[in-house]
Amino acid sequence: MQGGGGGDSSGGGGGEAPRPSRYESQKRRDWHTFGQYLRNHRPPLELSRCSGAHVLEFLRYLDQFGKTKVHAAGCPFFGHPSPPAPCPCPLRQAWGSLDALVGRLRAAFEEHGGRPEANPFGARAVRLYLREVRDSQAKARGIAYEKKRRKRPPTSSSSSQAAAAAAAATSPASPAASPTPPPPPPTERSADVRPMPPEGHFFIPHPHFMHGHFLVPGGDADHHHQVSNAGNGGNTNTNTNTNTGGGGGNGDEMAVAMAAVAEAHAAGCMLPLSVFN
């Protein structure tokens, strides 16, 4: 029956608590060791009265159980990472082991009801001691301690932003997003185009302004010569021919003046008044 009961108990192992991790197991052992150190202390110490100085005593106490060779300053192998021969230098606790031990005890102290602000394993004196141990062992052993930093995986938002930026850089710009081209600069006026003179400084070629102001009409001139010839009793035929020729000459001058006005207006320049005199 007992054997059967033993078989039942072994078979019912599925209902047992899960096995603790390696970190949790080591933390329990470290906390038990520290509690034993407090009980063996003279005089015995209580956890509530423990300070950073007591933690330093505990760390120095653990050096006698260390397995790391730390060369002294006078040792011929000082600073040598791999000495070729043994030396009488003592064994110590490695800095990495002490740093991990303090971290586990600091967590265990708070798990057992300790206040975070009164945690002796987080005291400043303990941090300074660990820093001194790290520097001294690095020089004595010729090893540079460099804390490895974890590389955080990129978040989904940052990866999506990076992908969008890469897609925007590779894809051609859309016409709507592309800026409108600037308007072309105004073209210079060609050399053959003559600038227009200022307003009000050129002659207006209209026949009304020429007739009666600058030229004498042909009919008035003939009448004037006929009257003068009749009064003087001269040769009417001669004067009539002369006036007729003068009338014809006035018509030619009128045509020449009109042609000059048209040419001057096309050229865009002023016409001298001497043309009509």
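Just so you know, glycine gets a Cβ as well, placed from its N, Cα and C.
Of all ranges given (42-46, 132-136, 147-151), Swiss-Prot attaches the label motif 'Nuclear localization signal' to 147-151. For the domain 'ALOG' (22-149), the number of residues in each DSSP class (helix H, G, I; strand E, B; coil) is 77 helix, 4 strand, 47 coil.
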